[in-house]
Amino acid sequence: MDSQYDKLSQQQIKISSRKPDAKILIKDNDAHSVSCTNSSDTSREKWGKEIEFLFSCIALSVGLGNVWRFPFIALENGGGAFVIPYIIVLLLIGRPVYYMEVIIGQFASRGCIKAFDMVPLMKGIAYGQVYATALATTYYACVMALTIKYLMASLSEILPWSYCQPEWGPLCISTAAYNHTHLNNTLLGKPVSSAELYFTKTILREKDNIDDGIGLPNWDLVLCLLTAWLIICTILIKGIRSSGKASYFLAIFPYIVMSILLCRAITLPGSLNGIIYFLRPQWDQLLNPNVWYAAITQMFFSLAICFGTLVMYASYNNFRKNVYRDVIIITSVDSVTSILAGCIIFGILGNLAYETNTHDIAHVVKGGAGLAFISYPEAIAKFKYLPQVFAVLFFLMLLVLGIGSNIGMASCVITVIKDRFQQLPHWLLATGMGVVGFSVGTIYTTPGGQYILNLIDYFGCSFIALFLAIAQLVTVSWLYGVKRLCQDIEFMLGMKTGLYWRVCWAIITPGLMFLVLIYSLINYQPLDYKGVKYPDVVYSFAWLIWAIGVGQLPFWALYTIFQQQPGKTFKQKLYLAIKPNDNWGPLESKLLDEYNLQRKNIDYNDSLTLSWRSRVYDNIFG
């Protein structure tokens, strides 16, 4: 077997060692043409200032998921019992994957598609990730539309969710007077707060099911969606430099508002009980696999890893930038923000439990988007002084968080197209992205829109990301190799990579992700929305959406083998397809020459003469 690989390796070396003269260019199919002998550098946009990368990544990662998804997941998984697994998962999965993606993007100075020139066979991973990111961009903008709707409503003289409207019926309880006295006087059934009814009846006009269709768009939400996309396109119109400048505000402003809300939350009666519930560990829950599964899936949402956006952002860095420090800062800030948001929301839930005279904090309010559009508004409506001001601040913060995340996702899609069609002006790409995103997004503004959003979020984003994340980790760690990745880091940053990173990349992180995949498949249950099942035809459509994303991997693998590799036999083509392209390396021609010279001094056959056990050891510790 080894002798066969030796022959293949010799053929590969002969093919890859062909030297073009000064007039020949190596064509980069997805991005740029790089001369091997010309000293002129291939131009690529860069951040105006290096700190813009840090702020942009914070704006991308710290988003709506931190404000409502993290508290909701914690609420479902025992409060404090969730915090410990979350921190452990951050160290074993979140931070290693984040560092890996940033390193790859900065080293290649290309978008996520071109970054997979490191292993051309697996380029379909990047296409699948961009597909999932594009889907997420459409429904994320719809959440921004809801925020804009609430922001405008906050300017009313009386907050419209603080009182009951006649058409809501006798079970409605005014949020401003939501207490145990009213509950005891309500004998007709379970009371519902005016804030919840305002969200479901007035804003969403939500249907009980979608058996008869999703209905027509709510045109007030359509206008809000249009406003959201106008904001996004305005920021993206001039490319990474304009979005980099916007990142200062997008990253900092939410913390100002969160600090104000935290101060208010801890002054509410009963809030301390909620915060204690959130922070007190329930040690028996640590043996519950559901808690660990929730922590891992939340980490993907929280850090925005394995969606291609981090590779894209890092590709605009200067080649020698020390991103190690930035990665530690960003991942720490993101987790601290999640815990801070948890303290705020659980303080509010503690107050709601006090007002409703119940000790069951876990069931005070419905989860999901309701935490942002029901619980927070309820608390704000109770403010004695200037509740409108706090409402405006809160929903403006949500809007800023949504913009920061959506800018990153939309930029990822635009960068992929820009790298392929360089002649297209950036303003045209940004405008086209806005038109398509708005057109698709109108489906979420219908009375059944939340059903569709829930479906796309699961099958079009979460489930696809889980499969492709495992494929990405195996590709980088074992096909490209941890050893070579660490050599690239040393070439770029001049620093050795510690054992912690090596072991996580090679064993712990992909192993844990694989266990999560197996667990999710074993425990799979048909998706529902608020306990309502979807029609069978909708499930078929959902699986088709998933298949398109995951199917990118085998499609592009076969295309790469049969259309792009020069080998004569399938085995030769396959072998060459798992090796980096000839022009893989830094985009700058001078750095690429230095890198190629360094790689020539490495004997590619060393690992082929070792036993498989020795190869595994050498990949991790070599």
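Using N, Cα and C of the backbone, Cβ positions are placed for all residues, glycine too.
A sphere of 10 angstroms centred on the C-beta of Leu401 (Na(+) binding site) encloses 28 other C-beta atoms. Annotated Na(+) binding site per TrEMBL: Val62, Asn66, Ser302, Leu401, Ser405, in sequence order.
According to TrEMBL, the disulfide bond annotation covers Cys164-Cys172. Within its own chain, Cys164 (disulfide bond) has Cys172, Ile173, Ser174, Ser194, Leu197 as residues 6 or more apart in sequence whose C-beta sits under 8 angstroms from its own.
Residues or ranges marked as transmembrane segment by TrEMBL: 53-71 (among others). For the transmembrane segment (53-71), the list of distant contacts is 47, 140, 143, 243-244, 247-248, 250-252, 254, 278, 298, 301-304, 309-310, 313-314, 316-317, 321, 323, 326, 329-330, 333-334, 337-338, 341-342, 345-346, 368-369, 371-372, 398, 401-405, 407-409: same-chain residues at least six beyond its ends, Cβ to Cβ under 8 Å.
TrEMBL lists 83-104 (among others) with the feature transmembrane segment.
Per TrEMBL, the feature transmembrane segment maps to 125-152 (among others).
Residues annotated as transmembrane segment in TrEMBL: 219-237 (among others).
Per TrEMBL, transmembrane segment is recorded for 249-279 (among others). Same-chain residues lying 6 or more positions outside the transmembrane segment (249-279) and placing a CB less than 8 Å from one of its CB atoms are 55-56, 58-59, 62, 71, 74, 79-80, 83, 337, 340-344, 346-355, 361-362, 376, 379, 382-383, 390, 393-394, 396-397, 400-401, 403-404, 407.
As annotated by TrEMBL, transmembrane segment applies to 291-315 (among others).
Positions annotated as transmembrane segment by TrEMBL: 327-349 (among others).
A Cβ distance under 8 Å defines the sequence-distant neighbours of the transmembrane segment (389-417), meaning residues of its chain 6+ beyond its ends; these are 56, 58-64, 66-67, 111-113, 130, 133-134, 136-137, 140-141, 143-144, 147-148, 150-151, 154-155, 159, 228, 231-232, 235-236, 240, 243, 246-247, 249-251, 253-254, 257-258, 260-261, 264, 304, 307-309, 312-313, 315, 372, 376-377, 380, 383, 424, 426, 429-430, 433, 437. The transmembrane segment annotation in TrEMBL covers 389-417 (among others).
The feature transmembrane segment is assigned by TrEMBL to 424-444 (among others).
Sequence-distant contacts of the transmembrane segment (456-479) (same chain, six or more residues past either end, CB-CB distance under 8 Å): 97, 100, 104, 116, 118-119, 121-122, 125, 128-129, 131-132, 135-136, 138-139, 297, 300-301, 305-307, 485, 505-506, 509-510, 513-514, 516-517, 520, 527, 542-543, 545-546, 549-550, 553, 578, 619. Annotation comment: TrEMBL describes 456-479 (among others) as transmembrane segment.
Under the heading transmembrane segment, TrEMBL lists 499-522 (among others). Sequence-distant contacts of the transmembrane segment (499-522), counting only residues of its own chain at least 6 positions beyond either end whose CB sits under 8 Å from a CB of the stretch, comprise 89, 92-93, 96-97, 99-100, 289, 293, 296-297, 463, 466-467, 469-470, 473-474, 476-478, 482, 485-486, 619-621.
Annotated transmembrane segment per TrEMBL: 542-562 (among others), in sequence order.
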Other than Val62, Asn66, Ser302, Leu401, Ser405, which residues of the chain come within 8 Å of the Na(+) site, judged by Cβ distance to the Cβ centroid of those residues? Leu60, Ser61, Gly63, Leu64, Gly65, Val67, Asp334, Thr337, Gly404
Note: in the chain of Val62 (Na(+) binding site), residues six or more apart in sequence with C-beta under 8 angstroms of its C-beta are Ala251, Pro254, Val333, Asp334, Thr337, Leu401, Gly404
Range from 83-104, 219-237, 424-444 with the greatest count of C-beta pairs under 8 A to the transmembrane segment (291-315): 83-104
The transmembrane segment (542-562): which same-chain residues, six or more beyond its ends, come within Cβ distance under 8 Å? 120-125, 127-128, 131-132, 135, 455-456, 458-460, 463-464, 467-468, 471, 527, 534, 570, 573-574, 577
Lying 6 or more residues past either end of the transmembrane segment (219-237) yet within Cβ distance under 8 Å of it, the residues of that chain are 141-142, 144-146, 148-149, 152, 203, 243, 246, 402-403, 406-407, 410-411, 414, 426-427, 430-431, 433-434, 437-438, 441-442, 444-445
Please give the sequence-distant neighbours of the transmembrane segment (327-349): residues at least 6 beyond its ends with Cβ less than 8 Å from one of its Cβ atoms. 54, 57-58, 61-62, 66-68, 70-71, 74-75, 79, 83, 86-87, 90, 94-95, 98-99, 102, 255, 258, 261-262, 265-266, 268, 271-272, 274-275, 277-279, 302-303, 361, 364-365, 371, 375-376, 378-379
For the transmembrane segment (424-444), distant same-chain residues with Cβ under 8 A (at least six beyond the ends): 137-139, 141-142, 145, 214, 217, 222, 225-226, 229-230, 232-233, 236-239, 410, 413-414, 417-418, 450, 452-453
